[in-house]
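Report on the following structure.
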Amino acid sequence: ACGKAGSDKKNSADSGDTKSIGLLLPENASSTRYESFDKPFIEAKVKALCPDCNVKYSNAEGSASKQKQQFDTLIAQGVKVIILDAFDAKSTQAWVKEAADKGVKVIAYDRLATGPVSAYVSFDNEKVGELQGQALVDALGAKAAESNIVMINGDDADPNAGKFKSGAHKVLDGKVKKVVYEQSGEWKPTVAGQKIGAAITQLGKDGFQAVYSANDGMAAAIITQLKAAGINVPVGGQDAGLDAIQRIVSGDQAYTIYKAYKPLADSAAELAVDLLQGKDIKSVASASIDSDTDKGIPAKLLDPKVVTKANIKDTVIADGLYKAADICTADFAAGCAAAGLK
Amino acid sequence: MSTNPTTTEAPAPAVDPRLLVREAGFAGYVGEFKRKIKSGDLGSVPVVLGLILIGAIFQSLTGDFLNADNLTNITKWVAGPGLIAVGIVFVLLLGEIDLSLGSVAGVSAAIASVLSVRSGLNEWLAILIAIGAALAIGALHGFFFAKIGVPAFVVTLAGLLAWSGLQMYVLGDKGTVNVINDGVIANLDTYFLGDGDIAFTWAFAILGIVLFGAGQLLDSKRRSAAGLSARPMSEIGLRTGVIAVIALVSAYMLNQDRGLPLPLVIFLGIVVITDFVLRRTSYGRQIFAVGGGIEAARRAGINVAWVRISVFMISAGMAALGGLFIASQQGSADKLLGSGNVLMNSIAAAVIGGTSLFGGRGKTWSALLGILVIQSIITGLDLVHVNQAIQYMITGAVLLGAVVLDSVSRRTQKSSGRG
Amino acid sequence: MSTNPTTTEAPAPAVDPRLLVREAGFAGYVGEFKRKIKSGDLGSVPVVLGLILIGAIFQSLTGDFLNADNLTNITKWVAGPGLIAVGIVFVLLLGEIDLSLGSVAGVSAAIASVLSVRSGLNEWLAILIAIGAALAIGALHGFFFAKIGVPAFVVTLAGLLAWSGLQMYVLGDKGTVNVINDGVIANLDTYFLGDGDIAFTWAFAILGIVLFGAGQLLDSKRRSAAGLSARPMSEIGLRTGVIAVIALVSAYMLNQDRGLPLPLVIFLGIVVITDFVLRRTSYGRQIFAVGGGIEAARRAGINVAWVRISVFMISAGMAALGGLFIASQQGSADKLLGSGNVLMNSIAAAVIGGTSLFGGRGKTWSALLGILVIQSIITGLDLVHVNQAIQYMITGAVLLGAVVLDSVSRRTQKSSGRG
Amino acid sequence: MKEMVHVTGAPVLALRGVSKRFGAVQALTDVHLEVHAGEVVALVGDNGAGKSTLVKTIAGVHPIDEGSIEWDGTQVGINRPHDAQALGVATVYQDLALCDNLDVVGNLFLGRELRRFGTLDEVAMEKRAKELLDTLSIRIPSVRIPIAALSGGQRQVVAIARALVGDPKIVILDEPTAALGVEQTAQVLDLVERLRDRGLGVILISHNMADVKAVADTVAVLRLGRNNGVFEVASTSHEEIISAITGATENAVTRRQARIAEEAK
Amino acid sequence: MKEMVHVTGAPVLALRGVSKRFGAVQALTDVHLEVHAGEVVALVGDNGAGKSTLVKTIAGVHPIDEGSIEWDGTQVGINRPHDAQALGVATVYQDLALCDNLDVVGNLFLGRELRRFGTLDEVAMEKRAKELLDTLSIRIPSVRIPIAALSGGQRQVVAIARALVGDPKIVILDEPTAALGVEQTAQVLDLVERLRDRGLGVILISHNMADVKAVADTVAVLRLGRNNGVFEVASTSHEEIISAITGATENAVTRRQARIAEEAK
Ligand SMILES: Nc1ncnc2c1ncn2[C@@H]1O[C@H](COP(=O)(O)OP(=O)(O)OP(=O)(O)O)[C@@H](O)[C@H]1O
Ligand SMILES: Nc1ncnc2c1ncn2[C@@H]1O[C@H](COP(=O)(O)OP(=O)(O)OP(=O)(O)O)[C@@H](O)[C@H]1O
Ligand SMILES: O[C@@H]1[C@@H](O)[C@H](O)OC[C@H]1O
Ligand SMILES: [Mg+2]
Ligand SMILES: [Mg+2]
């Protein structure tokens, strides 16, 4: 034959782009965290560590196939380090390998992507579920053992949702009387609201003593429906959205899970810049973890935190996530005063 | 083989002897009904039967479906998607489609809540601005479709993307906005008339019955006076009776729970008004004409571009209203509001209710019937505890089942009619 | 005011003197082209211009768009949604819609991967079973539509739900299945012919050019021989020249990167075959006839039900193929494969490429052109890296822009034609 | 009025007591009709008399409600157009029923395409199409323009030509000359005669009594969906037929004639 | 052939050098036409001669490419049907252009609905519809059935009746009697005469020379998209018109007549 394709091209990937870091986040709809926190925090930290570096960001909108395209597009652009929050961590084995073959390093962010990743920074998603379960038990207090629970889980199609669910069950099963109604809310508030309506119809107004909601968006709709039915029981979520913090202030929601995005983002940025500049990463990623496909991945694992009315000040406000003024709009002024936020 | 031709008849046309005139009285009513069943000309009857079937099945499976509070919930939850479906009926009557309505619902809810909550604007004003924005969006769609000639599918697909982008943009970094406690939007879903006073429910039901009966009577009177064929009294009585039973039973059920839900009243009101516009005004006639044959409509001097633009404004406006009800129902406006199945459910509602996708045939009542079918399936399945995969499969099957009945009867009609 | 009527002409009809015959040679070609621009009869030219515009804009914004490897990526990624779009073209030609194709793609990919990976079946066999399942699904849709008379919209909406439920069910609790490393499915996306040997690319391009030119020549010969008007040699030369330039430039670009991608070859092959079926066989003619006027087709003795059922089988089969390509591209089959924008993008591709939503007008090449437009926008925006909200708005605007050009030219055509 | 029925052996097609109802309209009641080989039967009647409906039941467009259809003496079921075509019925519908999106050639051969190596033989079809249209002396700018771009008469001629592709035993023409010019009308009448001479049965629907008298052997009158007489053309006057159609000896036609005669004085 | 043009003052409508092209077909070339108040102008020509196209340019369906249109002596632009209607042109199209999904009443009053308290006055419209249809002596099972359920002739009458709702100055009838029975045809001819007597201008397109000769004052012939003579009806023979239409003195019509005469011997 007459030769190999690409033999005479000035390969952009070979020449490389030593100033760009790719950032791939999985979705933007079911949670506001990605574009509200992860992206800006990472961008800021990268700028601080390496002023002439830039971050090339794309969002997969909940599609593995789309994320793969974005991944390849970054490589086509010559990016050498990619921070990957895999939409579906299981799918990535072949991609990461392909990238590694081309000398592109991948940092698994938040979700442990399969394949030969260079490092991993995350919260433990199973742990999130456990914290949610425990917080609900705490909110019930002494009555916990006699309490019936309604669980509204995340979308079955989302791999994280399964982890939250199993984590929560680990704690709840045994500590509460019974999970009397359990359905997927598909990460959709309206769906969650209608499921809780069905639960009320079936169990009656006194048929359950607390509601587990896998995230805050669904919790909002659940609380609205409970209120409309005149039911007042603890409801918890996840993500520490501003609206959730406000509901905690007003006493409508019991807790949320705050995954401290800033430290997470900062570590990812540090790792990325180090890899870009060829430095050693052991100081940041001091732990080690095994994925389904690879062993001994350098890792940094952070702890998610439960936020209740008592620690709003010490968590989301202390970390600079929100200002008291953001939270304490007219509707919530009274609650804020009571909670000592000003 | 030849018969003797009649040669005595007068030339001026009398009533056509081939027209089968129905017997008078109740027997005639029954005969007519039998004929209609045979020729498949049953109107909404199959859908209503489908609805009853769904109710019966879920009741027997769960024992909770016919609870007063479950039924009340259903009547509340139909308002949001139902209003969007009303808008879709208008667009479908033109033989077109509007894919943007979910996004328009989302962006309108976002605008109203951001303005009222974050910017502290008066809530009514915020709502007006949001609806105004939706009307402008609809006008823009209509313009590109009617004036530039871009297919409505493409225009509204572009809109679907652009307006959900705008929705995210409006909600901004902080994302979800809670609606104001006990505010206007919050009350859309949660308020019961007279705070649950049963008198309102009864009054509303009786008002409906009286208006219906009186309307039928007056119409019949005018027609007889003008020498035209009119509905016989027996039929008017029977029809009003059926309506009365439905209205009174519904009122009774609602009063078992929390009373007359505001969303139901508004939704019914809008269905009645839009139905009136479509059937009783020149504008409505023009919509049907454009949908039935655009060239014929144009040649009749109808301003086709204006009809199209205005219909896209109506659909966007309805979507905005629907979006506010959805926000009220979920207690917040978020980036997801209006996405997912919202649009498909609304289109399906219109189609299940009997509005044609090919233009020129349908009514806004079909939005009501169709969304009741869909919401009943959803709510019924929520009561049955199976996993999400199975639920999807069952939803598909029930949806198909609910329409098969209707299709079979229409098919009879088709095979016994032209075409 | 009266002119003398001609009375000398022979009665047998000769060529109509009002038909404007084009001048011979190149001047005639230019004249004809000018006339076509004026009357808006430009075929695919506006879409191609739109494509060039999109390329130019993104290249100037990012500097990376026209990289060989970016272009290669685009040619690989069009296969999945493009094949679904080919199926949609068939359905649109009937004037119908198939909403289930995303789910069908998803469930087929799930079946193939679960069978081959978890059950250890031979991968080819697994693929055949998956495609067989899709054909059965399509036949079921077709049956409910053509035989029972349920609107296609409702049947396939029910399918959309049911099959995505089935997809979840097949994938089960363990969820995502990675495709076999270097297996058949894995190679669909990643293999380059001859492992990147440039000879394959050149050979493929030249084969295409020769086949096109020879086809045109033979056709023209046969027509002249039969005494019918035929394309002049100059025009054949010009057309073949244009094709040659496109093919050779593409080959050169591909060879700058990894060579000739398998997905491109398969996709092009299927477009060519389906185009042939539609334009050169009785079956294809029947599809157009049913889409152009179902009653006329029925009266011509065409088995309308069979045409409909078979078309829904084709669309489902294409979706299954598309699903396998998507699985290959993402390296796995998951519960969300085929959901989200997949269906809308494919429908939009068909429409942007010029296939009518109202039946009877279109070709499978429009799937290719349209999906190139859409994938270019998506990839271009991925290169730009702005935030999601803005991206959505830009996508909407670009999508609209790409079609406005086409619509404006068609509008001219309309105003200068009948209706 | 004479009771004379033209008989040459058994009828090819016979309708016995056919009824058809649409919703509340009884379009046909107990209709009888016979067509023999080599016979031209004119089917006449007022607007809305049921002529097209009758024709559509024969062509399989609407299945009949009651009665029976006999073909060469044996009872047959005609439930869809395909059945009628298989028997050998070619129909030109009043509403033409052409596919607007297909070109003239495509419409002419729809359902009976000429093939070569299994694929459409466009060259052969185009050639044949030109020949067919030439015999009907119509000038169509190009046989490759879509039907939607043709004039009313041009479309009608295409529909007529369609019936000649294939090899029918009975040809049904529902007002075939309604939109035609004088020359084209003459050609169609010639065509009808040629078909008869080739031994085909022809059912011709027309409101034009001159045309009917020129080519028909028998005239069957429908009135308000019922038979209203069958006449031997040769021995029946114009006026007799008209009065069978209108159901009155005094009618708008006679009134108009009387008035004009009056004014002329 | 005489050059006699019927003139009663200035024409209400005059076309001057009108041309119209569709893609590669030049449908009209430099066409002139005048219509006066109280005059019936017959527009005749072979199939595809451009009659319907000419009518559509007047009715605003297709804007003209070249030339000008004058109304009461002043030049006007007619770009959409609405413009023509506003001037006072009522048109019955050859392809009828009715909305299949609307009922007879809905179609009759489309665009000119009768209203009462701002809403549709169905009772008044239904009554008026019945009256209108009665004058055209057509029997329609019910004025409340959709157009799709009517026979060809019934539809045509509805289209004609449509033109009488409103108050036009010029009525254009494109082959209005093509699908009509003898009685209905007579009624339409009567109607044309009544319109003329009321001082309206009428353009009548027809292939039926007898009808043309019966009601028209002037005959304008189109041939292959060009004027081919304007004749005073009173002083022109049937044959002269036919040969202007076909462009030949020897044609299918004369051939057919000759042959029949031959056979008769
Ligand atoms: N699909 C249908 N639904 C209801 N009524 C119908 C349908 N088709 C025909 N009719 C009615 O049946 C009657 C006969 O119609 P048909 O078309 O057979 O008349 P026709 O004799 O062909 O008249 P014309 O000379 O006007 O064409 C008419 O009154 C018409 O209204
Ligand atoms: N929209 C169009 N596109 C292309 N050609 C057209 C269009 N409309 C009409 N034509 C052509 O213009 C010519 C004149 O058509 P027109 O309908 O005016 O004829 P006509 O005189 O009314 O004939 P007929 O007596 O058959 O109704 C025909 O050759 C026709 O093919
Ligand atoms: O934070 C959550 C995320 O981890 C999950 O995948 O999607 C829902 C979010 O609420
Ligand atoms: Mg008829
Ligand atoms: Mg014409």
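Just so you know, glycine gets a Cβ as well, placed from its N, Cα and C.
Keep in mind that TrEMBL annotations are predicted by a computer and have not been checked by a curator.
Taken from TrEMBL, the feature transmembrane segment covers C:42-62, C:74-94, C:101-118, C:124-145, C:152-171, C:198-215, C:236-254, C:260-278, C:305-327, C:339-358, C:365-384, C:390-408.
Pairs of Cβ atoms less than 8 Å apart link the transmembrane segment (C:42-62) most often to C:339-358, out of C:124-145, C:236-254, C:260-278, C:305-327, C:339-358. Against the transmembrane segment (C:74-94), stretch C:339-358 has more CB pairs under 8 A than any other of C:124-145, C:152-171, C:260-278, C:339-358, C:390-408.
Residues 80, 84, 87-88, 125-127, 129-131, 133-134, 137-138, 156, 159-164, 166-167, 170-172, 177-180, 183, 185, 315-316, 318-320, 322-324, 326-327, 332-333, 335-340, 342-343, 346 of the same chain lie 6 or more positions beyond the ends of the transmembrane segment (C:101-118) yet place their CB under 8 Å from a CB of it.
Within the same chain, residues 40, 46-47, 49-51, 53-54, 348, 351-352, 354, 373-374, 377-378, 381, 384 sit at least 6 positions outside the transmembrane segment (C:390-408) and bring their C-beta atoms closer than 8 Å to a C-beta of that stretch. Same-chain residues lying 6+ beyond the ends of the transmembrane segment (C:260-278) with a Cβ under 8 Å from its Cβ atoms: 72, 75-80, 82-83, 86, 89-90, 93, 187-194, 200-201, 204, 251, 254, 284, 287-288, 318, 321, 325, 328, 363-365, 367-368. Away from its own ends, the transmembrane segment (C:339-358) comes close to residues 43-44, 47, 81-82, 84-85, 87-89, 92-93, 95, 97, 99, 101-103, 105-106, 160, 164, 322, 326, 365-371, 373-374, 399, 402-403, 406 of its chain (Cβ-Cβ under 8 Å, at least six residues beyond either end). Long-range neighbours of the transmembrane segment (C:152-171) within the same chain, counting only residues 6 or more positions beyond its ends whose Cβ lies under 8 Å from a Cβ of the stretch, are 91, 96-104, 106-107, 110-111, 114, 137, 140-141, 144-145, 177, 312, 333-335, 337-339, 343.
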